[in-house]
Amino acid sequence: MDDNVTVINHPLIAHKLTLMRRKTASTQKFRSLLREIAHLLTYEITRDLELTTERIETPLEEMDAPRLAGKKLCFVSILRAGNGLLEGMVELLPSARVGHIGMFRDPESLEAVEYYCKVPADIGERRVIVVDPMLATGNSAIAALTHLKKQGARQIKFLCLLAAPEGVAALREAHPDVPVFTAALDERLDEHGYIRPGLGDAGDRMYGTK
Ligand code: URA
């Protein structure tokens, strides 16, 4: 893997991910674990945010205290599973702008088909973090990033929970300027486009639709 692919290794993330992968995890449990992992991933992916200082008064004295330099962030969720990660991210950064892009996977061709897109008009001036829990074939992510770039997005990161090596390779080839962050890199993609060992269909598991 190249330098622009980061597996966010953290014992808490690894542990919670194992609990999510278990087929016995309930919808409620799956969702709450995803939210917790989203907090931890957001903590890591925002390490490079710029700080400024603000003169404040503590109960004892004045000080120049650090605070985030701007509100120039935009999270873009690839529907529908992206929303599970998005919720936890917005809790940590409530002033971030949010975009949504709807892609579904044609079950025959596994190609991504776009059916919805709404992003902030000033997306070109923001740091953009595109989220989808599963980077499988990479088709949805590639199509979403292509579309967002046409809308003006420039500074983009891609964040997922699980990635297949095939999806990472495809995404890196199509969008070499977009760094990829994942909580785990699994073994492979199966013939149905599922990540193995994986956790099944993330959308179905978080919304209880199967
Ligand atoms: N999408 C999912 O939800 N799960 C997979 O394993 C692959 C794509």
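Including glycine, each Cβ sits where the backbone N, Cα and C put it.
Of the residues proposed, Arg47, Arg55, Arg97, Arg105, the one TrEMBL records at the same 5-phospho-alpha-D-ribose 1-diphosphate site as Arg80, Asp132, Pro133, Met134, Leu135, Ala136, Thr137, Gly138, Asn139, Ser140, Asp201 is Arg105. In the vicinity of ligand 1, defined as a Cβ distance under 6 Å, the following of the binding-site residues Arg80, Asp132, Gly138, Ser140, Ile195 are placed: Ile195. Restricting the average to the domain 'Phosphoribosyltransferase' (7-209) gives a pLDDT of 95. Using the Cβ center of Ile195, Gly200, Asp201, Ala202 for uracil, the list of other same-chain residues with Cβ within 8 Å runs, in sequence order, Pro133, Met134, Leu162, Tyr194, Gly198, Leu199, Gly203, Asp204, Arg205.
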